[in-house]
Structure formats: structure tokens, C-alpha cells
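Engineer: Pasting a structure below so you can have a look.
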Amino acid sequence: MKLAVFDFDSTLMDGETIDILAHHYGVGEEVDRITKGAMEGGLDFYESLKRRVALLRGMELSLVEEICANLTLMEGAKELIQELKRRDYKVVVFSGGFKNATSKARETLGLDADFSNILHHKEGKLTGEVGGEMMFGSSKGEMMQTLQRLLGISPELTMAVGDGANDASMFPFAKQRVAFCAKPILREKANIIIEKKDLREILAHL
């Protein structure tokens, strides 16, 4: 058994969930600026996440669910996941984004698990607060170590795939470190670099 851990936004999914939600809610430009800073490593991930989610306060939960049910998967996602499963990989998503989106992708792609954050809501509207397992820049690396211990899978048999600064904490615990159409801060830590927006490109490196 092997382990493959994927980032969600701009990796398994083509785009950033919070940016898409923000554009529907009319706060897109403000959120875009914060997201860009976070992914390039210029802003602390925890602070940037809190600031972005706060801008969604008052958004209807039903609209959030509708948007998250219709997010576009990255080119080649289904084919890559199917092949990984065929090769006896446990396939998991770690996301600094939201359960509303990752749980639907888990069902669609047949992932083994999804770890992400929760958008708090009250009376059918977002409160502007967020909590969960992936709140910090170090969260993905910590969760990967926990998962490896639970499953009895070594870093030698682990692949990590991501695109942004908050994916870097996974890389010390994975033999295959895939930077997928990634920011420079992640590319310099990778040993596999994919330039084309097609996850099937990873198949050649398995």
C-alpha cells in the first residue's frame, strides 16, 4: 500500500474555491489579493484564511453549497486517481479550503478521505468564521505524519502533490514531491515539476 496526498484548490480542482465564492458574493478583488499573497508565501496562511473568510460573512449557505457542487475538476483528475487506486494507493486530499467543496470531490473522485476546514454558519448564512484541521501553514505536514503512522506507510511510499506555499510542509515527508503548475516557493522544494495543467502528466513519474 502507498499514499498519495493532493492539495485541492488549483490541484485537484481548477481554481481557488474561496476566490470563486468571493466573486459570487461581490468581494472577489479583495479576496484575490489576499489569496495571491498567501499562495506566494508573503502572507501567513492562518491570518490570510481568517481575513478572506471574514469577507464572506452573510453569504447564503445554500449558494455556497450550490457553487461547491459545481466546481470544475482539474484536467486528468479522474484518470490519475483511477490509476493510483489501481496501483494500491490510498488517495487523500488535504485542503486549506472547505469541507463543502472537498467532500463533494471525495465522492466524485472516489478519494479515501478529505481533510479541510469548516465554514461556520448560523440561520442559513455564513458567520465569517472558520475552523478545522487545515488552518495553519504547517497543518498539512503534521496531518501527513499522522496519516503515515495510522496507515503504516513510510515517506518512501508517499507522494505529495500541490501548487502553493502551504503545501511545502508535506514535502519533507514524501519521496515524490510534485509541484503542479506551482508557485516558485514550492517548485524549489519539489523533485517532480509539472508545467502542463493536466494531472495525467504525473502518470509518467509513478
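Yeah, the Cβs are placed from backbone N, Cα and C, and that goes for glycine too.
From Swiss-Prot, for reference:
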BINDING   D7, D9, D163  Mg(2+) binding site
ACT_SITE  D7  active site, nucleophile
ACT_SITE  D9  active site, proton donor
BINDING   E16, R52, S95, G96, K140, N166  substrate binding site
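Mind running through what each feature is packed against?
Structural biologist: A sphere of 10 angstroms centred on the C-beta of D163 (Mg(2+) binding site) encloses 22 other C-beta atoms.
In the three-state DSSP scheme, D7 (Mg(2+) binding site) is classed as coil.
All protein chains included, D9 (Mg(2+) binding site) registers 27 other Cβ atoms within 10 Å of its own Cβ.
G96 (substrate binding site) carries a strand DSSP state (E or B).
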Engineer: Whole-number Å only: compute the distance from the Cα of N166 (substrate binding site) to the Cα of D9 (Mg(2+) binding site).
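Structural biologist: Cα-Cα distance, N166 (substrate binding site) to D9 (Mg(2+) binding site): 11 Å.
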Engineer: Within 10 Å of D7 (Mg(2+) binding site) (Cα-Cα), which of the binding-site residues E16, R52, S95, K140?
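Structural biologist: Among E16, R52, S95, K140, the ones whose Cα sits within 10 Å of that of D7 (Mg(2+) binding site) are S95, K140.
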Engineer: When neighbour density is defined as the number of other C-beta atoms within 10 angstroms of a residue's C-beta, which of the binding-site residues D7, E16 has the lowest density?
Structural biologist: E16
Engineer: So what sits near S95 (substrate binding site) in its own chain, CB-to-CB under 8 Å and at least six residues off in sequence?
Structural biologist: D7, F8, D9, A101, T102, D114, F115, S116, N117, M134
Engineer: In whole Å, note down how far the CA of D163 (Mg(2+) binding site) lies from the CA of K140 (substrate binding site).
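Structural biologist: A Cα-Cα distance of 13 Å.
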